[in-house]
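Engineer: I have a structure here, written as C-alpha cells, and I will follow up with some questions on it.
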C-alpha cells in the first residue's frame, strides 16, 4: 500500500489556475520531417541575440570567415555569436532585428561564398571525464542560449544553479498554437535530445530529471519512450494540453507542485528548466564541437504553400525562408515571428533569424479574422479568470493607462508572462499584453535611470572623499615641510633658555647696583636675540604656508612696490620742504628759563644744608636730574636766541633761576649720598638712564639748531641778571642766618 501511494505521489500532476484552450493548428506543420534550406546570398548576424550585453567584435570588414568561427568574444554574461557559413565580412553596421520595435542593432553582414566550410571541430566524446567548469565554459563559448524564447545564456544559467538544484526539468510542452519546432525535433532527433539531457544532468547532478510534454504530441512521446526504455534516471511526464502549460512557472507547478515565489526564480526552490532545443544544442556543442549556427524554425500559415519545419541558419533573412516555403502574400499580408498569442508582427521581411526565432506565421485574412476595434472595459473579470499567474489584468490595465508605475509594481506586473490569455478572452478586444509590455518597459527605463543616478551619486561622494583625503595629505605635507629655525637661531634660543633658567635659579640672590658702575645687560640682550630668532622662524613658516596655499600675482606685487616708492618720495619731499607752522613765544621761554634756574638753586641749597628725612630712589633721582638739566639748557638756549615781545620782570626771573639751581643741587646731593633701601633691577635702571640721556641729547640738539627770530635787548638782560644776583646773595645770607 505504501509503495502504491509513493508511486501515485511520484507521478502526480498538479493543475494551475486559469489558462485557455485555443485552437491548436499544429497539424499544418508537424507532419513533414525536418529539411534543410538552401543558403542565402547574404547573412545578417546581430551581435546581441540573448539577454545581456553584446560581445566584443573580433572580426573586421574584409575578413574571410568559416562556419562556426566566432564573430565576438564572450566575457562574463556576454554570449558570443558565430558565422553561420563561410564567406566574407562585407559590413559591420546597424540593422533591424527580431524585436517588436524593429530597432536597428549592430550586426555583422557576411556574403556567403557557397562552400559552407566548417572550422576544425573538436568534439568531447568523453565529456564525463571533464570537469563541471570545463563543460560550462565550452557551452558558453559555443554560444548556446535558451531556445525556448527567453534567450538566457545557458552557461550562466548552469553556473548560477550550482549545487542547489534538485530537479532538472526539460520543457517539451510547446503549448502555443501553430508552433511544432520542438515536436518535430523530438520526432527526428530524440536520441540526440536525450544525450544533451544527460550532459546537463552530469553538470548539475540533480536528484531527479523530468521531461514534461503535452499529450497532443503522440509521435514525439513514442520516440522519447523508445529512447528512454532502458533508462531509469529520466522520467517522462505527459501532461494535459492547456495553454500556457509551457510557461516556466506553470510547468514547474504542474510537475512538482512547487510555486516560484513572486520576483524569484525556479532555482530558488531547487528547480532548473531547459528547453528541448537547448538540450539538443548542448549535445552538438559538447560532443560534436559545433557552435550554434542553426536552429529549427516552424514555417506555417495558410499563406505558405509548403508549411513545415526547417533547419534555418542564424542570420538568414525571413524573406528567404518564406520564399523557399512557397510564400503567397495577400494585399495586407502580415507575418508574425512566434505564435499568434506571444509573437509580434514584423514591420518588413528583411529581419534576420536569431536564436529565439521558433516560428514564422503567415496567416491568411480568413485565418485570424478581421481585426476588431478596441472598446471600453466592461469589468467582466474574464481576464482575471484566465490569468495563469493569478494576477488582476483589469487593474494592471488601468494602472498602465494612467502611468501609475508604483501601483503596477505593487500588483506584481513583473510576474506577467505575456502569454496573451487575458487578451484572448477579453470581450472588448483590448490588447492587454501590449499595455503590459509598454508598462514594464517604462518601469525598466525608470529603474535604469535611478540606477544611473545612484551610480552618479556614488561617484560624486567618492570624488568628494578623495578630494578630502588629498587635502588632508597636502596639509600634512605642508606641515611636515615647514621651515625650521636655522642652526644659529636654535643655538641662540637654547642659550637664552639656559640663561633664563640660570637667572631663575639665582633669583634668591640679592642684586646690588653700585653707583657709577655699568649694569650687565647680557641676559636682556640674549633674550632679545632669542625672541628675534623665534620671530624669524615663525615668519619663515608663515611665508612658506602662504606660498604653498596661494601663488602671488606678479602684476599685483609690482603695483604695490610702485605705490610704496611713490609714498616714500612724497614723504621725503614733505620733510624737505616743511616749515614750522608755529613759532616759539620768546617771552614765555624767558619766564620758563628763569623759573627753572630759581628752582634749581633752591633745590641745591636745600640739598646742601638739610639732611634727608627719607631715603631717595636713585633711579628716580637720576632721571629727574637729567630731565631738569635738559629743561634748563633748553630754556637758556631759547632765552639766548629769542627776543621777547614783552618785558620780563627781572626779580621774578632771578627768583625762578635760583629756585631751579637749588633743586638741581639738591637732587644731585641726594643721589650721591643716599643708599637705597630696596634692591634695584639693573635692567630697568639701565633703560631709564638711556631714556634720560636720549631726551637730553634731543633737547641739546634742538637748542643748537634753533635760529633766533628776534634779537634780545642787552640792557634788559644785564638788568635782569644783576637783579637775579642780588636776590640770590640775599637769599643765601638769609639762609645762613636761619641756620645760626
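Glycine is no exception: its Cβ is also placed from the backbone N, Cα and C atoms.
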Engineer: Given that Swiss-Prot annotates 377, 380, 383 as binding [4Fe-4S] cluster 1, state which candidate in 189, 328, 426 belongs to that site as well.
Structural biologist: 426
Engineer: List, in sequence order, the residues of the same chain other than 377, 380, 383, 426 whose Cβ lies within 8 Å of the centroid of the Cβ atoms of the recorded [4Fe-4S] cluster 1 site.
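Structural biologist: Here the non-site neighbours turn out to be 378, 379, 381, 382, 393, 394, 397, 422, 425, 427, 428, 430, 432.
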Engineer: For residue 387 ([4Fe-4S] cluster 2 binding site), which residues in the same chain are close in space, meaning a Cβ under 8 Å from its Cβ, but six or more apart along the sequence?
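Structural biologist: Counting only residues 6 or more apart in sequence, the Cβ neighbours of residue 387 ([4Fe-4S] cluster 2 binding site) under 8 Å are 17, 18, 393, 421, 422.
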Engineer: Give residue numbers and ranges for long-range contacts of the domain '4Fe-4S ferredoxin-type 2' (407-436): same chain, 6 or more residues beyond its ends, CB-CB under 8 A.
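Structural biologist: Contacts of the domain '4Fe-4S ferredoxin-type 2' (407-436) (Cβ under 8 Å, skipping residues fewer than 6 from its ends): 18-20, 22, 243-244, 247, 249, 262-263, 341-342, 372-378, 380, 382-389, 391-393, 395-397, 399-401, 443.
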Engineer: Any idea what the Cα distance is from residue 377 ([4Fe-4S] cluster 1 binding site) over to residue 419 ([4Fe-4S] cluster 2 binding site), rounded to a whole Å?
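Structural biologist: About 20 Å separate the Cα atoms of these two residues.
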Engineer: Mind looking up the mean pLDDT for the domain '4Fe-4S ferredoxin-type 2' (407-436) in the predicted model?
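Structural biologist: Value for the domain '4Fe-4S ferredoxin-type 2' (407-436), mean pLDDT as a whole number: 93.
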Engineer: For [4Fe-4S] cluster 2, what surrounds 387, 416, 419, 422 with a Cβ no more than 8 Å from their Cβ centroid?
Structural biologist: 18, 383, 386, 388, 389, 391, 393, 417, 418, 420, 421, 432, 433, 436
Engineer: Taking the Cβ of residue 419 ([4Fe-4S] cluster 2 binding site) as the centre, count every other Cβ atom within 10 Å, in any protein chain shown.
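Structural biologist: So the number of other Cβ atoms within 10 Å of residue 419 ([4Fe-4S] cluster 2 binding site) is 26.
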Engineer: Let me make sure I understand the structure: which of the binding-site residues listed (380, 416) has the fewest other Cβ atoms within 10 A of its Cβ?
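Structural biologist: Lowest Cβ count within 10 Å among the binding-site residues (380, 416) is 380.
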Engineer: Of all the binding-site residues given, 377, 383, which has the fewest Cβ neighbours within 10 Å once its own Cβ is left out?
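Structural biologist: Selected from the binding-site residues 377, 383 on minimum Cβ neighbours within 10 Å: 377.
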